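Visitor: Shown below is the structure under consideration.
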Amino acid sequence: MVISLNSCLSFICLLLCHWIGTASPLNLEDPNVCSHWESYSVTVQESYPHPFDQIYYTSCTDILNWFKCTRHRVSYRTAYRHGEKTMYRRKSQCCPGFYESGEMCVPHCADKCVHGRCIAPNTCQCEPGWGGTNCSSACDGDHWGPHCTSRCQCKNGALCNPITGACHCAAGFRGWRCEDRCEQGTYGNDCHQRCQCQNGATCDHVTGECRCPPGYTGAFCEDLCPPGKHGPQCEQRCPCQNGGVCHHVTGECSCPSGWMGTVCGQPCPEGRFGKNCSQECQCHNGGTCDAATGQCHCSPGYTGERCQDECPVGTYGVLCAETCQCVNGGKCYHVSGACLCEAGFAGERCEARLCPEGLYGIKCDKRCPCHLENTHSCHPMSGECACKPGWSGLYCNETCSPGFYGEACQQICSCQNGADCDSVTGKCTCAPGFKGIDCSTPCPLGTYGINCSSRCGCKNDAVCSPVDGSCTCKAGWHGVDCSIRCPSGTWGFGCNLTCQCLNGGACNTLDGTCTCAPGWRGEKCELPCQDGTYGLNCAERCDCSHADGCHPTTGHCRCLPGWSGVHCDSVCAEGRWGPNCSLPCYCKNGASCSPDDGICECAPGFRGTTCQRICSPGFYGHRCSQTCPQCVHSSGPCHHITGLCDCLPGFTGALCNEVCPSGRFGKNCAGICTCTNNGTCNPIDRSCQCYPGWIGSDCSQPCPPAHWGPNCIHTCNCHNGAFCSAYDGECKCTPGWTGLYCTQRCPLGFYGKDCALICQCQNGADCDHISGQCTCRTGFMGRHCEQKCPSGTYGYGCRQICDCLNNSTCDHITGTCYCSPGWKGARCDQAGVIIVGNLNSLSRTSTALPADSYQIGAIAGIIILVLVVLFLLALFIIYRHKQKGKESSMPAVTYTPAMRVVNADYTISGTLPHSNGGNANSHYFTNPSYHTLTQCATSPHVNNRDRMTVTKSKNNQLFVNLKNVNPGKRGPVGDCTGTLPADWKHGGYLNELGAFGLDRSYMGKSLKDLGKNSEYNSSNCSLSSSENPYATIKDPPVLIPKSSECGYVEMKSPARRDSPYAEINNSTSANRNVYEVEPTVSVVQGVFSNNGRLSQDPYDLPKNSHIPCHYDLLPVRDSSSSPKQEDSGGSSSNSSSSSE
């Protein structure tokens, strides 16, 4: 890579300016301050090897061609191209989870700590009693304290104080942990309640509920078990039958009378009754007794308490309930009711006469003398007449005597109050005024006449006669139906008394008492009401406030002028004044007039005799005495009444100095804005000022494609399919593109979205910046181009077939044939002879000579051998001469990745003295182009140590330390030239970097400070850029290549710019992936040790370099300014041996 000195200095100035402008105010000692790497791009010129087929000549045994043979080899020349290099710088900011607060970084909690404080990112320290990620959750019932970490010790459902952990016992428990129940006889909260249970019941310690003993129930166990229940909680069913009652505790049955047994299921045996069947029955004539009461149940034909009597005459059967059916004097049997007939009769009921009807006598020859209509029959033997009911007499021709009726007129009538009795049935016919079966009930009030069927017409509580319905009037009434009051001036019964009331007093028609007219009093209403009273009986008191008394009859107040109302307590109504408020006011604009004299009292904002004029401009209020405020956005002076400013549309506030609140517009801010999508509403005319990215009258339309910003006036400049933000025009690049406008491809070694994916291509293959697909270089294949072309193929895509013969090998890149011994030619198809030649040690092309070269004579062999020896000797002398001016210490090229940077860089290997135990730094090179420290004019102090080192001063300046270098081995004093890597601005570990992201191993105040140190005497050191000649290294130390396939390296040397490649001895122990090597420090130091071997790490391959396994390095420049230059001593010897 080649960068000019001016470009380098400009870039340093740019970085310094950037650091000064963006210096972080954060306290770097704050443990919460972190650093991160940010990338930026610079345009650089990089070199790359360009292969070509080189034809050269060498000595051989071909006598026909005068011992000169043509050879082919693939050589590379350095070409240049421009590219972008991604560089990195360190920037300080708050660590993730923290935010800036002054100079400190304080933790940030996404969720606000509701009951606590934020002590770490998204970590809240909660107050006692609170938990959860944001301390918003109260402790559950089992935990207390900060973050609810302490477990509660409360028992039996007690509540735990979330702050102190103290137990609040549930009802029924006590103690520190609520582990004890309430004492016997107490219950409830804090065991303060006294139990009220009775009959030996126990009390529940929580609720106070009574647990009753067997046989009791009720809230307080005060009741016995209900019938049919007994035992604990009255849950057991009584087994007693037939009405037996069980004991409420034991359940033992107490049987009713007539039953016995354990469950009262056995009736008393015959002849026994009573409780427990303990009594003996006393019934006669075959009667049985009731087992419960002992009452006798008589057999048919008997009656009496103990069944000792026969049925009465005319009855028979069970309970003597049957009536005998015997007629004509027949007698019936008291048991069965059978009839025993008298003489002259026969039949089951003695109903049959032995003589024909109407005859009697022994021979039935006599005619009966009875009245036939009133007679049942005459006796067949004696001729005696049997009268029908209601008739009597010897021949049944007489009615019953008054007061009697029925069969033989034996029954006595029950009619009362002069009622008539029917002689046959005894039915009563009541006299007027009575009713009922026996006519003993007088007519109800309001009825009269026969059977009380007529309704009375008397009124006003007059008494109605039950006989004829005539009315007897009460005092004060008269008339047929007592509906007419006594005439005025009369009173009493019959209205025959005269009233004595005066002054219009009314007389009571009942008792003649006077009811005075309003305003009068006295027994005869002869006295007027006293002052202050009025109305009936002068019982009302005048209620007047501003009056000259009240009317004695009506109580109306006589109001004074200016007052009105029922009580004269109201000022004259608005618009009225004077006596009785009878005069109208002439005041205007809402003014009021004095009720006494009618003078106008103007309302606020008006003036004048009748208040007809408004306040003068600039004044308002009562009597126009107040001055208007200074209205800002108003249409004129303030309102003459209220003093409020009349705001223009879009303004509000007392002084119209406030814009309408968001979302409102217009006069008095009454309108509602319709702007959407965060659009700002104009408070005056409602027009919308749209948020960037939106347009339209209400900002509801997004910007058209390819436009952005306010009113979508800007045109998007995004390329390669990038999405353009309508808000700020920011380009969201598609995969494979980056840059402000997505015009730049991903940097070398990166691809995909945001260029975040790392390319995996090897062997200099190109990585597609979009998909990451590898485009292999000539001679390679595979997904990551990790494989060489298979044997027999070469070229791009390995599509070309090798044309090499005679077991020769084919170069997988160019197809050049490498002949087997004894063969030559482009295709190895020509026979040759083997000679010993001094091929350039860097060439990979070997010459194969045919086996028949031994046919040459001994003379030719001797001649060639001598020539070869002379040629080698000449080469050795020339090489020694060229090496005299070179440094004894040569820089080695080392590739050391750090932080997994893909576009690999080159470093100059060396040893860094670690001050204060600091870690080593790593430096990176994208392309083989270098900065070089130029010569220093004066010599430093030296000692006998063969070493050149680069050290850091305490102010982090980079110096070349030469005090330990042997002056006899290192050439001129001015050779303080060292190679700086192209991106020396990068840093390694964070503690080796400055606040602006530059590697302190390289940066200092000025390289001129080198001469100020007491141990240094050099000066005029500056940065320069130069391209150095090739140099060839033979047998370098152990390599750490990315792939074991590469075995050569190239350095520039002044002798031959087209030097072929030298074979390098690889070590299998170093075959590992260089991208996983930890960052190391690489500075300038001596390459060779005393034993002539390299003492530094080998060359590693960059992952995305087009250089196939070699690197260009700028060696230390030769200087002829010192007289000690020719003193090569052992230095030249070491250099020569190492070179060879």
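Note that the numbers count up from 1, one per residue, in the order the chain is shown.
Glycine residues also receive a Cβ, built from the backbone N, Cα and C atoms like all the rest.
Got these off Swiss-Prot a minute ago, pasting:
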DISULFID  Cys34-Cys95  disulfide bond
DISULFID  Cys94-Cys105  disulfide bond
DISULFID  Cys109-Cys118  disulfide bond
DISULFID  Cys113-Cys124  disulfide bond
DISULFID  Cys169-Cys178  disulfide bond
DISULFID  Cys281-Cys289  disulfide bond
DISULFID  Cys341-Cys350  disulfide bond
DISULFID  Cys415-Cys428  disulfide bond
DISULFID  Cys456-Cys464  disulfide bond
DISULFID  Cys542-Cys550  disulfide bond
DISULFID  Cys602-Cys611  disulfide bond
DISULFID  Cys804-Cys817  disulfide bond
DOMAIN    30-107  domain 'EMI'
DOMAIN    106-136  domain 'EGF-like 1'
DOMAIN    187-222  domain 'EGF-like 3'
DOMAIN    278-308  domain 'EGF-like 5'
DOMAIN    316-351  domain 'EGF-like 6'
DOMAIN    405-440  domain 'EGF-like 7'
DOMAIN    453-483  domain 'EGF-like 8'
DOMAIN    491-526  domain 'EGF-like 9'
DOMAIN    539-569  domain 'EGF-like 10'
DOMAIN    577-612  domain 'EGF-like 11'
DOMAIN    713-743  domain 'EGF-like 13'
DOMAIN    799-829  domain 'EGF-like 15'
CARBOHYD  Asn134  N-linked glycosylation site
CARBOHYD  Asn496  N-linked glycosylation site
REGION    945-1140  region 'Necessary for formation of large intracellular vacuoles'
TOPO_DOM  26-857  topological domain 'Extracellular'
TRANSMEM  858-878  transmembrane segment
Visitor: Calculate the distance in Å between the alpha carbons (Cα) of Asn134 (N-linked glycosylation site) and Cys113 (disulfide bond), and round it to a whole number.
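Guide: About 4 Å separate the Cα atoms of these two residues.
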Visitor: Same-chain Cβ contacts of the domain 'EGF-like 8' (453-483) under 8 Å, 6 or more residues past its ends?
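Guide: Contacts of the domain 'EGF-like 8' (453-483) (Cβ under 8 Å, skipping residues fewer than 6 from its ends): 432-434, 442-443, 445-447, 491-495, 508-511.
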Visitor: What stretch in 187-222, 316-351, 577-612, 713-743, 799-829 has the biggest tally of Cβ pairs under 8 Å against the domain 'EMI' (30-107)?
Guide: 799-829
Visitor: Pop the Cα-Cα gap between Cys105 (disulfide bond) and Cys34 (disulfide bond) into the table, whole Å please.
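Guide: Rounded to a whole number, the Cα-Cα distance is 10 Å.
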Visitor: Quick one: mean pLDDT on the domain 'EGF-like 1' (106-136)?
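Guide: The answer is 88, the mean pLDDT of the model over that range.
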Visitor: For the domain 'EGF-like 9' (491-526), what are the same-chain contacts with Cβ under 8 Å, counting residues 6+ beyond its ends?
Guide: 473-478, 485, 534-538, 552-554
Visitor: State the Cα to Cα distance, in Å, between Asn496 (N-linked glycosylation site) and Cys109 (disulfide bond), rounded to an integer.
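Guide: The Cα atom of Asn496 (N-linked glycosylation site) is 111 Å away from the Cα atom of Cys109 (disulfide bond).
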Visitor: If I take the alpha carbons of Cys550 (disulfide bond) and Cys281 (disulfide bond), what is the distance between them in whole Å?
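Guide: With the alpha carbons as reference points, the distance is 98 Å.
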Visitor: List the helix, strand and coil residue totals of the domain 'EGF-like 8' (453-483) as derived from DSSP.
Guide: 0 helix, 8 strand, 23 coil
Visitor: Highest Cβ count within 10 Å among the glycosylation sites Asn134, Asn496: which residue is it?
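Guide: Its Cβ has the most other Cβ atoms within 10 Å: Asn134.
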Visitor: Please work out the helix, strand and coil residue numbers for the domain 'EGF-like 15' (799-829) from the DSSP assignment.
Guide: 0 helix, 8 strand, 23 coil
Visitor: What does the DSSP secondary structure composition of the domain 'EGF-like 1' (106-136) look like, as residue counts for helix, strand and coil?
Guide: 0 helix, 14 strand, 17 coil
Visitor: Residues of the same chain, at least six outside the domain 'EGF-like 5' (278-308), with any C-beta under 8 angstroms of its C-beta?
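Guide: Residues packing against the domain 'EGF-like 5' (278-308) from afar: 256-259, 267-268, 270-272, 316-320, 333-336.
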Visitor: Whole-number Å only: compute the distance from the Cα of Cys428 (disulfide bond) to the Cα of Cys804 (disulfide bond).
Guide: 167
Visitor: Enter the number of other CB atoms within 10 angstroms of the CB of Cys428 (disulfide bond).
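Guide: Other Cβ atoms within 10 Å of Cys428 (disulfide bond): 22.
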Visitor: Please state whether DSSP places Cys550 (disulfide bond) in a helix, a strand or coil.
Guide: strand
Visitor: Calculate the distance in Å between the alpha carbons (Cα) of Cys611 (disulfide bond) and Cys817 (disulfide bond), and round it to a whole number.
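Guide: Approximately 126 Å lies between the Cα of Cys611 (disulfide bond) and that of Cys817 (disulfide bond).
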